[in-house]
Amino acid sequence: MNQSEVEIVIITGMSGAGKSVAVRSFEDLGYYCIDNLPPVLLPKFIELIEGGIDKVTKVALVMDLRGQSFFDELFKAIDELNETPASRLKIQILYLDAKDSKLVQRYKETRRTHPLAKGGLPLEGIQKERNLLEEIKGRAQQIIDTTELKPLQLREKIMQRFAGNDRQAFAVHFVSFGFKYGIPIDADLVFDVRFLPNPHYVEDLRPKTGLQTEVSSYVLKWKETKQFVEKLTDLFDFMLPHYKREGKSQVVIGIGCTGGQHRSVTLAEYFCAHYEAKYDAYTSHRDINKRKANSR
């Protein structure tokens, strides 16, 4: 980040998806944090920031749902700021999401009432909120699915994505998963590798994962795997620079096999190793331990 540049992260998303954890994480990263700033005040706040108030260079703003007009004002403010030629601001939206069933579970556990729920039925409020937030989710530069994340894991993910913003301008996140458990909702691109030879049918490899050499060597040795890797590398080499040029701060690439244990893990690790010298590349393996957990 340039010394004169001011980074502003707008934190929003579904109620119960982890915004409170997120803002505490940004505070620990040294961001100047404000909770529930009305969008109508955003331009005035930015004016103070650009005037050099307290020499603030990193800001995180939490903006919750207050109705459609609330976000109309937010979009208008962001568009006006982005159209200012001399602006030294870097504004991005971080959207926190989770599956409806997980949000319902969290509301039941905390015994809180959803702000849009009538009669205390959280699912009704969640569905209304999801519809209202559809546009802002579409404009978000970063989306984090917190369905399977504990608070500490969400904190670690935010730290991983934002701690290095002063040194890295573009991150590539390769996430392996199993199609039987659903597609990651925060993935920008999804690739299906279920056509590759499956180590699950090799008795010695079945209990192992793609993090182990025996499995990765098996997956990568096949002609079809080598051809696929070559073609996908060509695609990534073409697409990633364009994503970066368009101002996207991160691309999440989902690679899925049946259970998320062997093939997808192998290829996520392969591509991460291939691109880590060029980009801020990292991996996560969403479903790598689910088969073991389900067999207990």
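Along the chain as shown, residues are numbered 1 onward.
Cβ atoms are placed via backbone N, Cα and C, with glycine included.
According to Swiss-Prot:
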type	residues	note
BINDING	G13, M14, S15, G16, A17, G18, K19, S20	ATP binding site
BINDING	D64, L65, R66, G67	GTP binding site
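Taking the features listed in Swiss-Prot, we show where each one sits on the structure.
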residue	record	Cβ neighbours (10 Å)
G13	ATP binding site	27
M14	ATP binding site	23
S15	ATP binding site	22
G16	ATP binding site	24
A17	ATP binding site	24
G18	ATP binding site	25
K19	ATP binding site	21
S20	ATP binding site	13
D64	GTP binding site	14
Separation of alpha carbons, D64 (GTP binding site) and S20 (ATP binding site) (Å): 11
Cα-Cα distance linking D64 (GTP binding site) and G18 (ATP binding site), given in Å to the nearest integer: 12
Residues close to ATP site centre defined by G13, M14, S15, G16, A17, G18, K19, S20, Cβ within 8 Å: A22, L96, A98, T146
Inter-residue Cα distance where the pair is D64 (GTP binding site) and K19 (ATP binding site), in Å: 9
D64 (GTP binding site) versus M14 (ATP binding site) - Cα distance in angstrom: 8
Integer Å distance between the CA atoms belonging to D64 (GTP binding site) and G16 (ATP binding site): 11
DSSP state at G18 (ATP binding site), helix/strand/coil: coil
Rounded inter-Cα distance in Å - D64 (GTP binding site), S15 (ATP binding site): 8
